Amino acid sequence: MSTQPDEFALIAELFAPLAASYPGALGLTDDAALLEVPDGQQLVVTVDAMVAGVHFLPDDPPDLVARKLIRVNLSDLAAKGAVPFAVLLAASFPTDVSMAWLTTFAAGLKQDVESYAIALIGGDTVSTPGPLTLSLTAFGRVEAGRALLRRHAQVGDRLWVSGTIGDGALGLLAAQGGLLDLSAEHRDALADRYRLPRPRSLLGPRLVGVARAAMDVSDGLVQDLGHLCRASGVGAVVEADKVPLSAAARAVVAADQSRLATVLTGGDDYELLFTAPREGTDLLLTLARETDTSLTEIGCITAGTGVTVLDRDGQAVLLPRQGWRHFRGEPA
Ligand SMILES: [Mg+2]
């Protein structure tokens, strides 16, 4: 049993060590942090909140919750081509949170603060009668004027994604006890992808000057691509057959074709979606090797508006905004 931990003891014991590598954090002993932005660079800032029961499962391991919180934000910085260096944490812990939960949560923060070479430079912790609610603000740097944006896609650009698509959404189903016809190995692999995203922090900065438009895939490939198209005033065609799937996702779709809609529209992938002129292809394949990241061309940018997904016969795949209703004429 535990009493509500004292905020100042929490900060000193659990969080201050995560600030040690950044002098401007002032050891978390002051009201604010001081950020350095070298000449010729821009600060890139993003914030993402996660609520228990909405963005993660209430009984997910606390260290993985902490790491996912960091990683979803680093994914947004990677999409801008930025190198991350600092984060701010605002945490509303339920009144009955235990010291053991907090200690494991802080251990998860520490692990990723170290592995991504960033620092926790400040934040706030409060107590709430509601669900655990976490908000993290992440700071990165990019050469001034060179950040990757959604709005720069051009007609004729090739469309690329990193890694594999659909594992996050299928992983949520697996983590909730679904997909029971799948092997335990595949279910575990998918659930792991849901709980612990792999932001493309090495690849993103390397895409500066190579990619034209970019974003991360967090709300589903088709929907996110739609955002990129709107921002750029273009349309896009995706060839469903070319969308890269993990072995586990391939097994899911092979057993149930309707799951392809989950793959194409589900969230939580945290891969990079970007466009590049055709002549950038060789350079991209070199970057893929150098960053040990698979990159796959899945379609192209077109004149007009909206996202069209084609099957292998060149027929349009109809995808509802949420879930699926019709796929190749099959009823819901
Ligand atoms: Mg994003």
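Glycine too: its Cβ is placed from the backbone N, Cα and C atoms.
Source: prediction; values computed, not measured.
Taken from TrEMBL, the feature Mg(2+) 3 binding site applies to Asp31, Asp76, Asp216. DSSP assigns Asp216 (Mg(2+) 3 binding site) to a strand. Counting only residues at least six positions away in the same chain, the Cβ atoms of Ser75, Asp76, Ala78, Ala79, Pro199, Arg200, Asp224, Tyr270, Glu271, Leu272, Leu273 sit under 8 Å from the Cβ of Asp216 (Mg(2+) 3 binding site).
The number of other Cβ atoms within 10 Å of the Cβ belonging to Asp76 (Mg(2+) 3 binding site), over all protein chains shown, comes to 23. Secondary structure from DSSP puts Asp76 (Mg(2+) 3 binding site) in a helix. The Mg(2+) 4 binding site feature in TrEMBL is assigned to Asp31, Thr46, Asp76.
The Mg(2+) 1 binding site annotation in TrEMBL covers Asp48, Asp124. Asp124 (Mg(2+) 1 binding site) has a Cβ environment of 12 other Cβ atoms inside 10 Å.
The Cβ of Asp48 (Mg(2+) 1 binding site) lies under 8 Å from the Cβ of Leu69, Val72, Asn73, Asp76, Ser135, Leu136, each of these being in the same chain and 6 or more residues away along the sequence. For the recorded site, Asp48 (Mg(2+) 1 binding site), the DSSP three-state label reads strand. Here TrEMBL flags Asp48, Asp76 as Mg(2+) 2 binding site.
Under the heading substrate binding site, TrEMBL lists His55, Asp268, Trp324. The Cβ of His55 (substrate binding site) has 18 neighbouring Cβ atoms from other residues within 10 Å, across all protein chains displayed.
Secondary structure from DSSP puts Asp124 (Mg(2+) 1 binding site) in a beta strand. Look at TrEMBL and you will find Gly123, Asp124, Arg150, Ser218 tagged as ATP binding site.
Taken from TrEMBL, the feature Mg(2+) 5 binding site applies to Asp219. Taking a C-beta cut-off of under 8 angstroms and a sequence separation of 6 or more, Asp219 (Mg(2+) 5 binding site) has the following same-chain neighbours: Gly267.
The annotation domain 'PurM-like N-terminal' is assigned in TrEMBL to 30-142. Each residue in the domain 'PurM-like N-terminal' (30-142) gets a DSSP state, and the totals come to 35 helix, 45 strand, 33 coil.
Positions annotated as domain 'PurM-like C-terminal' by TrEMBL: 154-309.
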Among Asp76, Asp124, Asp216, Ser218, Asp268, the binding-site residues whose C-beta sits under 6 Å from ligand 1: Asp76, Asp216, Ser218
Residue among binding-site residues Asp31, Thr46, Gly123, Arg150, Ser218 with Cα closest to the Cα of His55 (substrate binding site): Ser218
Shortest C-alpha distance to Arg150 (ATP binding site) - which of the binding-site residues Asp31, Thr46, Asp124, Asp268: Thr46
Spatially closest candidate among Asp31, Thr46, Asp268, the listed binding-site residues, to Gly123 (ATP binding site) (Cα to Cα): Asp31
Same-chain residues at least 6 apart in sequence whose Cβ lies under 8 Å from Asp31 (Mg(2+) 3 binding site): none
Residue among binding-site residues Asp124, Ser218, Asp268 with Cα closest to the Cα of Thr46 (Mg(2+) 4 binding site): Ser218
Distance, Ser218 (ATP binding site) to Asp268 (substrate binding site) (CA atoms, angstrom): 5
